[in-house]
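Novice: From TrEMBL, here are the annotated features:
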| type | residues | note |
| --- | --- | --- |
| DISULFID | Cys70-Cys80 | disulfide bond |
| DISULFID | Cys168-Cys178 | disulfide bond |
| DOMAIN | 1-99 | domain 'SRCR' |
| DOMAIN | 104-199 | domain 'SRCR' |
Amino acid sequence: LRLAGGRSRCEGRVEMEQGGSWGTVCDDAWDMADADVVCRQLRCGRAVRVHAGAAFGKGGGPILRDEVGCQGHEEHLWECPAVTEHDCSHKEDAGVVCSEHQEWRLSGGRDGCAGRVEVFFRGTWSTVCDSTWYDTEARVLCRTLGCGEPLRKLFFHHTLPGRMVYECESLQPSLAQCRWAYNKSAPCHQSRAVGVVCNGTEP
């Protein structure tokens with residue numbers, strides 16, 4: 001089992017391998033219970049969003065399951081009742097966003113390339129602590145967002161429920177590949193919420 005077409009391994013179009021070829025799952029009756037099984041099987045936490053209609057792009061290969069009917073407690077997606085005969089096309093490929101997926105945005109600035117750093121994680125938006133936020137972290141984020149390189153650092157108040165801290169020892173493909181901690185009070189104690197202005201404009 002894997003997720004494809006997303007921004008991390010914990011988001012995307014649901015694909016499974018059967019008989020040596022990868023295929024997709026049809027979105028008929030696709031719901032949170034089905035998605036929960038996928039997320040848990042991939043060690044991606046729980047499902048926070050389900051997607052129908054090939055939201056992560058159309059897959060290829062056979063459509064291996066239709067009318068999936070998981071209870072939500074199954075260990076593997078292929079243990080759930082489903083129909084193998086289908087009337088679907090790839091424009092109906094099912095997708096999921098799991099809680100361990102991280103996505104980022106800059107909010108409150110002139111466009112999507114400037115503002116307070118916010119991260120969507122475990123179903124909610126959180127701010128990022130400035131305690132270990134330096135040039136490397138800012139460069140990783142600006143590049144991930146397609147916004148070029150960082151120009152300057154900004155400071156805001158923490159007004160969202162969660163707090164995240166990142167520590168990048170090198171230029172990683174995304175902040176999720178750096179060291180990070182969620183809602184740990186020590187590194188965030190007396191911190192401000194960090195913001196950044198990147199030199200690009202919103203792609």
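Each Cβ is built from the backbone N, Cα and C atoms, and glycine gets one as well.
Can you tell me where each of these features sits in the structure?
Specialist: Of all Cβ atoms in the protein chains displayed, 22 besides its own lie within 10 Å of the Cβ of Cys70 (disulfide bond).
Other Cβ atoms within 10 Å of the Cβ of Cys168 (disulfide bond) number 22 in total over all chains.
Counting residues per DSSP class in helix, strand and coil order gives 17 helix, 42 strand, 37 coil for the domain 'SRCR' (104-199).
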Novice: Give me the DSSP three-state residue breakdown of the domain 'SRCR' (1-99), ordered helix, strand, coil.
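Specialist: Counts, helix then strand then coil: 16 helix, 33 strand, 50 coil.
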Novice: Could you give the Cα-Cα distance between Cys70 (disulfide bond) and Cys168 (disulfide bond), in whole Å?
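Specialist: A Cα-Cα distance of 39 Å.
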